[in-house]
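The block underneath contains the structure these notes are about, expressed in structure tokens.
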Amino acid sequence: MARFHSRLLHFFTFFCTTFVICLSSSSIESDFWITDSDSEGLLFHQDYSPPAPPPPPPHAPSVSCTDDLGGVGSLDSTCKIVADLNLTRDVYIAGKGNFYILPGVRFHCPILGCSITLNISGNFSLGENSTIVAGTFELAAYNASFFNGSAVNTTGWAGDPPPQTSGTPQGVEGAGGGHGGRGASCLVEEGKLPEDVWGGDAYSWSSLQNPSSYGSKGGSTSKEVDYGGGGGGRVRMDIKEFLDVNGSLLAEGGDGGSKGGGGSGGSVYIKAHKMTGGGRISASGGNGFAGGGGGRVAVDVFSRHDEPTIYVHGGISRGCSKNAGAAGTLYDAVPRSLNVNNYNLSTDTETLLLEFPYQPLWTNVYIRNCARASVPLLWSRVQVQGQISLLCGGVLSFGLAHYATSEFELLAEELLMSDSIIKVYGALRMTVKIFLMWNSKMLIDGGEDSTVATSWLEASNLVVLKESSVIQSNANLGVHGQGLLNLSGSGDKIQAQRLVLSLFYSIHVGPGSVLRGPLEDASSYAITPKLYCELQDCPIELLHPPEDCNVNSSLSFTLQICRVEDITVEGLIKGSVVHFHRARTISVQSSGIISASGMGCIGGVGKGNFLDNGIGSGGGHGGKGGLGCYNSSCVGGGNSYGNSKLPCELGSGSGNESSADSIAGGGIIGGYGSPKGGGGGGGGRIHFHWSNIPTGDVYQPIARVKGSIYARGGLGRDESGSGENGTVTGKACPKGLYGTFCVECPVGTYKNVSGSDSSLCQPCPAWELPHRAIYIAVRGGIAETPCPYKCISDRYHMPNCYTALEELIYTFGGPWLFCLLLVGLLILLALVLSVARMKFVGVDELPGPAPTQHGSQIDHSFPFLESLNEVLETNRVEESQSHVHRMYFMGPNTFSEPWHLPHTPPEEIKEIVYEGAYNMFVDEINAIAAYQWWEGAIYTILSILAYPLAWSWQQWRRRMRLQRLREFVRSEYDHACLRSCRSRALYEGLKVSATSDLMLAYMDFFLGGDEKRTDLPPRLPQRFPMVIIFGGDGSYMAPFSLQNDNILTSLMSQLVPPTTWYRLVAGLNAQLRLVRRGQLRVTFRPVLRWLETHANPALRIYGVFIGLAWFQAAPNGYHQYGLLVSSVEEESEPVSSGNTDGGVQTALLSR
């Protein structure tokens, strides 16, 4: 038991009295309702600032560690509480040291409102399984730690709540206490909604950012015994640095059991630089017969990691399980966010949201997990910098259900709703950038007061409704934006008695979604749009709609889409008077409907008539209504009325307006560039009045219709009772266009008058069309003759579609005159040639020396040709002298095996290329050489149908590939793989060539001239063994052959005379023509014998030996055949399989 001096007790009594007085004066709140006339001044004069409260009184002197608390140590160094301690008075503990409560110690003051205050400069810790029990716990320290199992518990130990608050419920209903949220009440009153009944009321809204109020006690079900749970206490912490919470910080309402209401949660305020831990912080309402409301928690922590779980939900109601106490408030000071979270406890009790601060604005507001929040003021502005989120059953209501006279403003960056509801009783002015709804509803009840009959929803960037989301108003509703309005799918709706959608860039009405105005099942007190049912005059706004897009209740439009660029309709747009104003494009898909059916007048100008027995006739409009007959007694249908060229009247109903069986006629669909029409018993009138019909070169279709347009009369009991058909008309089309939608006259017709009838398109005169010509379509139609045409083939020439010969013939007067002129010209030419022949023959017979015979060289009498020959020969010599290596492409250049180069450069060129750039070059070459799939598919089809065509197709595609490779290497590729700067600058050093059969390609590498290498290019003996691959594949169309060129001849001439080499190539090609594919082993033997008996004996004297070899591409096994040229010394050495050309294996063939 703590020991206190008498002087300390007197001083502490004075302090408590002063503190209560100050708290009362500073915590008075004016809880008022919009029905209370005394609070009207407070509602509309919020700029009044009360005087600042007086400063709090100084604390009582601190107790000592050893004498008063029974601890060990000193408060100025380290004080340790080692044993249980029960206090009987408020305690103030101050010092410059540390304060530790060791594990398992109970530090209790079990008195209502008892206060424990610690103000130390050092560290504080509450050991494992230790507890602190009090009404108020305040801690100021440098660091603080609450270990596992520890608890600061103020549950049910609250002192008196602030004066002039109604947090404790009256009566014996066992209702819950209120604080941050209202307490629940299980009382059910007839004529009241569930949310109209609650227990204790909420208070201390103005201090939710720094809560310091006690929770309220719950009500009782007995007058004799108070069963109500106590209110939650207060927990306040001001930690300069680190706060570690692994225990519990509790300010929950007390449990009222089954006979008492739960107490409301208290207050928790935590301020620290950093907070960690996995503990629990709670100011939840207490459980009871009716649950208590949640308290208030504020957290001002700069850094939070593995943060404790924070609860402020309402208490569970045992007497009405679906109506828990309302959630309290959780304010996070760093992001300035308000959280109202009931942790999925179902409730009909609301959390009150009053004035929102303006300096600074809050950032976010979250209402989630079955929490219900209410703004009950006559006028209020809910404004945040970030987003307002309603998630998982959250409900936000504005105003009072029975007094729909309020006006509210909602301003935020984003409004996000998921499985939630917003209810508005009055008018709403919403301004956001993004508005997203997922399975949510926004219900606006405008009541009967015309001053709050119009609500505006503005979302500048995006409005998206998904999963059966609904926006509904029983009054006037305007939805305004600048971006996209998307009703995604089935069940998504925007509907109101008068609906205006304006200024969006695009509106998409998805399949199954609905735009409707007015409501289909409007209540009796909903505002009803005025319809012009008895007038035959068109309202002026139908002919000249206003330029602005405001919601104007004086206009006759019930659904207006104004100044929207693109409108896509896959769902339903329905209204009595539907108006599209200044829309660029309206696209109605196959599933889309724009309807005014049954939305017109029950009576009207052409209303039907009734017999005495109640049998009625059909209403009339575009056609007369059908007869109504019974037992040979008939009554005539409604009369036809209106102008087919300008229909603007609503359809008439079929019967008496006072009868429940009466059916309304059709409404109006209208707009500049949109249809107008309706229907009743008789067919309605549909008229398309296009505001601007483009013609000529700027013509474009003003409508694309793939569906059907009907204005048929309704069916009666028999054929005589059917209503007459209505009318379908369009604006008179200009010249060249016809029909309802002003389309171009058919090809071969013209229209030179204004009108829409198809008969106005006249056939073009047949005599103006040449016999080899056909008529062509012209943009905007043909307005005058002659009609434009073109020749049936490019071989014929305009304007008469003659061939070049025919044009020549008719230029000279026609066939007869041309023939006469041609015969005369031939005779004249024959005479001239005869004279010339006689003259030349006479000269040839004169005696003289014979002309000099020139050799096969170019005639030197033409010096310019001789000069060109020298240049060509010089280039060939320079080219052969700088040649380094010839690398052959692998693959036979077919669609299945195209040409390709290996990625590993041969040893011969590694000194002149960069290997990395070479790999990239090879990738590009292989990509160009590869064929597309469709090329091979066409070859396969042609091979089945006509093989010669397939061969031609293959050769053409091969030629295109070779040309593309040459162009790429010659001009497109930057030659980055070559080390020579001169080669890269001049795009030299690489050359692609191929054999004539296009089956073998090779690439030659040349020096650039700036390598400064004496060993390059290598001489012929240094290139041994040298590979020369045959072209062809041994087939009839492509026999094997050795392709000889200048480079190969120049290289071999270093050891072998050119004449010898030419004879060897000619003889070898003659032998190779006899090699047949499929019999290579047999047909190659004569070639081997020829090499042994003719070729090698002639070459041996020059030290050269050639052998027949095969070359295999490692990846796919394709064989290429050719010669392996080596020196005579290497003849007897075995040729091992090796890499002679980057990925090609070589082996000599023997007999």
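Glycine is no exception: its Cβ is also placed from the backbone N, Cα and C atoms.
Caution: TrEMBL annotation is automatic and unverified by curators.
Positions annotated as signal peptide by TrEMBL: 1-24.
Within its own chain, the region 'Disordered' (155-183) has Cβ neighbours under 8 Å at 20, 23-24, 27-29, 31, 110-114, 133-136, 198-204, 208, 211, 213-223, 227-234, 250-256, 259-267, 283, 285-286, 288-296, 312, 314-315, 317, 319, 325-329, 340, 349-352, counting only residues six or more beyond its boundaries. For 155-183 (among others), the entry in TrEMBL reads region 'Disordered'.
Per TrEMBL, the feature compositional bias 'Gly residues' maps to 173-183.
For 728-802, the entry in TrEMBL reads domain 'DUF8003'.
Sequence-remote contacts of a segment are chain residues at least 6 beyond its ends whose Cβ falls under 8 Å from one of its Cβ atoms, and for the transmembrane segment (808-833) they are 800, 802. Per TrEMBL, the feature transmembrane segment maps to 808-833.
Marked as region 'Disordered' by TrEMBL: 1132-1151 (among others).
Annotation comment: TrEMBL describes 1138-1151 as compositional bias 'Polar residues'.
Summarised by DSSP class, the composition of the compositional bias 'Gly residues' (173-183) is 0 helix, 0 strand, 11 coil.
In terms of DSSP secondary structure, the domain 'DUF8003' (728-802) contains 6 helix, 19 strand, 50 coil.
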